[in-house]
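> What Swiss-Prot records for this protein is below:
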- 122: active site, proton acceptor (ACT_SITE)
- 15, 16, 17, 18, 19, 20, 21, 22, 121, 122, 123, 124: ATP binding site (BINDING)
- 178, 181, 216, 219: Zn(2+) binding site (BINDING)
- 90-104: compositional bias 'Polar residues' (COMPBIAS)
- 85-110: region 'Disordered' (REGION)
């Protein structure tokens, strides 16, 4: 359980592919939903593996999400979307005349921010501008839950996850099982035509089990020739 506070915070769920990152994100969202908390989910425009407006896990669970650009200042659309939700859900109460209030017949706005939890999946597909967005959201009092892999297929740091892990209050790094030897897997093995990818291949290629495997350090392979 996370500590109950009066301020926002950032949670990061990371690890290799097939380690259950999105599944853990969805589990936390389900718990928040059961508790009556309101939730807003966002995903990068580049990820459409489970539908354009759906966050999905490899085991089939899904959650509706808003799609936002993954580059530059457009990432701040996350905050703009929350502002619209806040405005749309802000309610007013018409006070009845003679009800004992000091403002008979007046209008009292309620301070309903409408969203308690902000979730962002596949954070590794966003630019580093996402770090500033998440910090701003936490400073505004939101619980921010972010998931994404922290390593490229080369085994190198995959921004912005390392920076998010540095500023987050809570970090959980999950492991998968190596498809080759059964040891704990921490690496993303990219396969091209069933062969290990070349070290000079592009960093971002969106795929599922047909293009990636989870592997341990010893079984992870990069082609150099």
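Using N, Cα and C of the backbone, Cβ positions are placed for all residues, glycine too.
I'd like to know what surrounds each of these features in this structure.
Under DSSP, residue 122 (active site, proton acceptor) is assigned to coil, being neither helix nor strand in the three-state scheme.
The Cβ neighbour count for residue 21 (ATP binding site), using a 10 Å radius over every protein chain in view, is 29.
Counting Cβ atoms from all protein chains shown, residue 219 (Zn(2+) binding site) has 17 others lying within 10 Å of its own Cβ. Secondary structure from DSSP puts residue 219 (Zn(2+) binding site) in coil.
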> Can you tell me how many other Cβ atoms are located within 10 Å of the Cβ belonging to residue 17 (ATP binding site)?
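Counting Cβ neighbours of residue 17 (ATP binding site) within 10 Å gives 23.
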> If H, G and I count as helix, E and B as strand, and all else as coil, what does DSSP give for residue 178 (Zn(2+) binding site)?
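Once the DSSP labels are grouped into three classes, residue 178 (Zn(2+) binding site) ends up as coil.
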> What's the CA-CA gap between residue 121 (ATP binding site) and residue 216 (Zn(2+) binding site) in angstrom, rounded?
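It is 24 Å, counting Cα to Cα.
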> If you measure from the C-alpha of residue 122 (active site, proton acceptor), which of the binding-site residues 15, 19, 21 fall inside 10 Å?
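The binding-site residues close to residue 122 (active site, proton acceptor) (Cα within 10 Å), listed in sequence order, are 21.
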> Given the recorded Zn(2+) site (178, 181, 216, 219), which additional residues of the same chain have their Cβ within 8 Å of the Cβ centre, ordered by sequence?
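Filtered neighbour residues, in order: 179, 180, 182, 183, 185, 215, 217, 218, 220.
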> Which Cβ among the recorded positions (121, 122) has the fewest C-beta neighbours inside 10 Å?
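Each of the recorded positions 121, 122 was scored by Cβ atoms within 10 Å; lowest is 122.
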